[in-house]
Amino acid sequence: MRFLISLSDQILGALLTFIVNLWMAREGGPDAYGVYALWLAVAWISGAAQSTLVTSHLAGLNASDQEERETAERFFLTIHILFVFAAAAITAGASAILLHRNSPFHASSAVFFVPFFLIYQYTRALFFAHHRPDCATALTASTLFLFIGMASVCSFYGYAPTPDIGLALAGTSYGIVALIWLVGFTKGRRPLVQWQAIRPHLHYLRSSGWILLGAGSSELTNRLFSFVTAGRYGANSLAMLSATQVAIRPAWMLSAAWSSVSQPQLARLWRDHNHRRFLAVLGAGLLFPLLGSLLWTGGVELGWPEISRLLYKGRYERNGHLILLWGCNVVLGGLSAVGGTAMLAMKRYRSLAITDVLAALTTCACMAALSRNADYSLVIVGTLAGQAVQCLSMALYLKGALHDTSHAEQASPPSSTSENGAPQSGLISVRPTTQR
């Protein structure tokens with residue numbers, strides 16, 4: 001049942017992302033959609049950074065008593081607020097620089113789109129940390145319906161979606177709904193403001209260094225194509241990449257739902273040294289998302305001319321060759337999501353960060369070479385190269401870790417600390433497995 005509820009949330013989240021992108025791509029011009037796609041990538045990268053500092057630690061509070069948990073959540077609320085203000089300031093600075101340079105990627109509404117997106121992500125993670133996937137699903141549904149309503153009004157009065165209009169409507173939907181749910185769920189709980197109250201809780205951030213490095217590198221692997229395409233080929237090319245990627249995005253749902261539900265189970269199985277069951281859960285995580293991704297990609301590839309005419313008025317019909325490339329991206333991304341979830345459950349933060357860094361370096365090197373003379377579509381190959389290195393590194397590490405642990409358990413009792421020396425505590429996945 002938890003998996004079905006989590007899958008429902010993933011479906012609604014994918015539908016929300018899909019509808020926003022569809023409205024921008026169908027009703028707006030390619031250049032406007034390309035600008036929106038770039039700022040959406042910025043928001044997802046900011047969300048990954050927030051996860052390492054805040055939301056990845058919320059699930060670890062489950063074992064705490066009620067009073068300690070409430071105080072710790074107030075501490076993380078403080079960190080979240082500071083992070084949101086920092087993100088808003090950085091976005092405002094970047095937007096001002098783009099305006100000064102007369103860049104086509106300038107969008108004033110990005111200044112509040114990015115912070116509101118972060119508030120939505122925090123609220124959703126808080127619900128999952130409290131084992132309330134029903135509330136998370138309701139949050140996503142409310143956001144979806146509000147955006148549909150505002151976009152419908154906008155279209156009714158004949159306003160074509162510009163980057164500012166798209167970011168404003170999406171940001172308002174994320175922010176207003178999330179703030180209402182957050183205040184209602186926490187009953188107006190206030191953040192910690194005094195240093196004497198904040199200082200005892202800084203130990204929660206102890207493992208954030210390696211997680212931040214890993215999550216940042218993983219995001220670089222998955223999002224770099226947006227920035228390379230925008231800077232080298234322009235907003236129109238980014239729009240073509242994003243429009244075809246949107247059609248493949250629903251295939252991420254199975255991997256994302258599996259990761260949300262299975263990581264606590266994997267952590268428990270690893271702690272109990274039940275390696276056979278651990279491998280069985282991993283096998284299911286590999287099999288079902290892989291089959292789903294292949295079937296979805298095949299269906300979209302075969303029906304792309306009709307899908308393009310239905311979704312985009314035929315605007316991107318000639319870009320069907322990108323579907324198979326994005327399909328490979330989904331398959332490799334699903335495999336890396338399973339490996340990353342397993343390594344997080346095993347508390348192997350340092351090793352996970354190293355695999356992500358290797359993937360990011362591979363992606364950067366490939367894109368630097370391809371973007372010199374190659375067609376814009378081959379930028380995706382840079383992402384695929386990084387993902388392939390990531391999957392191979394994870395597979396080799398997991399094989400070695402399982403072998404070494406089996407021998408070590410015969411000689412000594414298991415350690416109670418994680419790989420980086422921090423005490424073990426539950427962490428939810430910070431890896432972006434949804435709506436990439």
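Just so it is clear, glycine is given a Cβ too, placed from its N, Cα and C backbone atoms.
Taken straight from TrEMBL:
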type     : residues : note
COMPBIAS : 408-436  : compositional bias 'Polar residues'
REGION   : 407-436  : region 'Disordered'
TRANSMEM : 7-24     : transmembrane segment
TRANSMEM : 36-54    : transmembrane segment
TRANSMEM : 75-99    : transmembrane segment
TRANSMEM : 105-123  : transmembrane segment
TRANSMEM : 135-159  : transmembrane segment
TRANSMEM : 165-185  : transmembrane segment
TRANSMEM : 278-300  : transmembrane segment
TRANSMEM : 320-345  : transmembrane segment
TRANSMEM : 352-370  : transmembrane segment
TRANSMEM : 376-398  : transmembrane segment
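Long-range contacts of the transmembrane segment (105-123) within the same chain: residues 35-36, 38-39, 42-43, 46-47, 50-51, 54-55, 80, 83-85, 87-88, 91-92, 95, 98-99, 139, 143, 163-168, 170-172, 174-179, 181-182, 185, 230, 235, each at least 6 residues beyond the stretch ends and with a Cβ under 8 Å from a Cβ of the stretch. Note: the stretches the transmembrane segment (75-99) and the transmembrane segment (135-159) are not in contact (fewer than 3 CB pairs below 8 A, sequence gap of 6 or more).
Here the transmembrane segment (278-300) has Cβ contacts under 8 Å with residues 247-248, 250-251, 254-255, 258-259, 262, 265-266, 269-270, 307, 323-324, 326-327, 330-331, 334-335, 337-338, 341-342, 402 of the same chain, all six or more residues outside its ends.
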